[in-house]
Amino acid sequence: MEEKIFSRPAASATVLVGTQFGDEGKGKLVDYLSDKYDIVVRYQGGANAGHTICFDGKTVVLHLIPSGIFNKDCICVIGNGVVIDPNALMDEIKKVEELGYDVKGRLYISHNAHLIMPYHKRLDSLSESCLSGDNKIGTTGRGIGPSYEDKFARKGIRVVDLLDRDVLKEKLRENLAAKNKLISKVYEQEEIDVEAIIREYEEFDKAIDPYVTNTQLFLNRQIKAGKTILLEGAQGCLLDVDHGTYPFVTSSNPTSGGACTGSGVAPNHVGKIIGVCKAYTTRVGNGDFPTELDDETGEALGRIGCEFGATTGRKRRCGWLDLVALRYSVTVSGVTELALTKLDVLDTFEEIKVCTSYMLDGKEIFDFPTEHQTLSRVQPVYKSLKGWMASNAKAKSFAEMHPNAQAYVNFLEEALEVPVTFISVGPGRDETVFK
């Protein structure tokens, strides 16, 4: 009896997390893995995160719909932890359908997911405009933060409210009565027309209704039926509102713990946790970045890696791989294996550096401090590795990769004590090596 009580259920779910500041290349991995799983779930964030997928000579950027939508046998779910801009969602559905992929019957949206309203976007921009210089958070202006603020203040409007016009009108009028006072009295800006928003959002109910369901119930029934689930995170661990470089973070939990609260899938159903990291480091917007390179090397990384934000188009800051930060992310999210992306960006570097520790006030430290007042003062300590000066794009196995590229991967495994199982050696689906 004791053995039965304490036995662990067979794991049905895998979590995929970014282990840096976002933009790690999760889209390619999800696209590749989607034919191995029955269901792909997006569990947090909103249209502030872009996942880029390259296939059949096309490059597609998705912000809300899970990357698995391009596998015709895969069911995609937008979970309760996501905040949804209905305009962005409908545009994305149209984009996918224009590419020849049927969405109906394959896309499910949580009835409990919160909505991003026009006043959220307005307040997002107004709030950011009041901050100066380095204090700016670097928000995308998509209304993500204000929507989450309303969610936790218990004032949010959810997808289920969109389907009941009377409830929608009541909640919109109640919310805008308060928001307009803030906009006019504090920010001294023109108030938002309540009736115009009501008219606009009333039209979304028919368009979104076919996709809406209780996804928590749906997912757990699928687990009982033996289906497998891939839980896809947006952004990265270092942007987590609780565990990231606060205050320069996102408004949700990209770490693996957020996968459960943002989907309704319990932790005991999770088996593997795959961490995705670039072979170097990038960051968009403000915030501490110990290995940032403001020189020709940083410029080269950005140019070769095409480092521009998929959502905002902003130029990404670039630097060497930071093992101190990466080790922290691996620990916080309980990463069981790593997927290394954009290794090909390093193909032309004779010398490659990796940060192995920091110097802080004359002392060497190995733990990652998330607080700005400490992280802003650290200096990276680097280990130099030999570059490979060759392409690995045609390699079909780890053994076929250049010996120095193999040495780089092996070094990361030893330093992080986590196996690297997936190596992206180019943007295409077939430019992938498994270890």
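Backbone N, Cα and C define each Cβ position, glycine as well.
According to Swiss-Prot:
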type	residues	note
ACT_SITE	Asp23	active site, proton acceptor
ACT_SITE	His51	active site, proton donor
BINDING	22-28, 50-52, Arg316, 342-344, 424-426	GTP binding site
BINDING	Asp23, Gly50	Mg(2+) binding site
BINDING	Asp23, Glu24, Gly25, Lys26, Asn48, Ala49, Gly50, His51, Thr140, Arg154, Gln235, Thr250, Arg314	IMP binding site
BINDING	Ala310, Thr311, Thr312, Gly313, Arg314, Lys315, Arg316	substrate binding site
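A distance of 9 Å separates the Cα atom of Arg316 (substrate binding site) from that of the residue listed as 'active site, proton acceptor'. Thr52 (GTP binding site) falls within a strand segment according to DSSP. Less than 8 angstroms from the CB of Gly313 (substrate binding site) sits no same-chain residue that is six or more residues away. A sphere of 10 angstroms centred on the C-beta of His51 (active site, proton donor) encloses 25 other C-beta atoms. Between the CA atoms of Gly22 (GTP binding site) and Gly50 (Mg(2+) binding site) there is a gap of 9 Å. Around the Cβ of Arg316 (substrate binding site), a 10 Å sphere holds 20 further Cβ atoms from the protein chains shown. Neighbour density around each Cβ, counted as other Cβ atoms within 10 Å, peaks among the binding-site residues Gly22, Gly25, Gly50 at Gly22.
Closest to Arg314 (IMP binding site) in space, going by CA atoms and restricting to the recorded positions Lys28, Gly50, His51, Thr52, Leu343, is Gly50. The most densely surrounded of the binding-site residues Thr52, Gln235 is Gln235 (count of other Cβ atoms within 10 A of its Cβ).
Between the listed binding-site residues, namely Lys28, Lys315, the fewest other CB atoms within 10 angstroms of a CB are found at Lys315. If you measure from the Cα atom of Leu343 (GTP binding site) to that of His51 (active site, proton donor), you get 18 Å. A distance of 7 Å separates the Cα atom of Gln235 (IMP binding site) from that of the residue listed as 'active site, proton acceptor'.
Cα separation, Val425 (GTP binding site) to Lys315 (substrate binding site), rounded: 22 Å.
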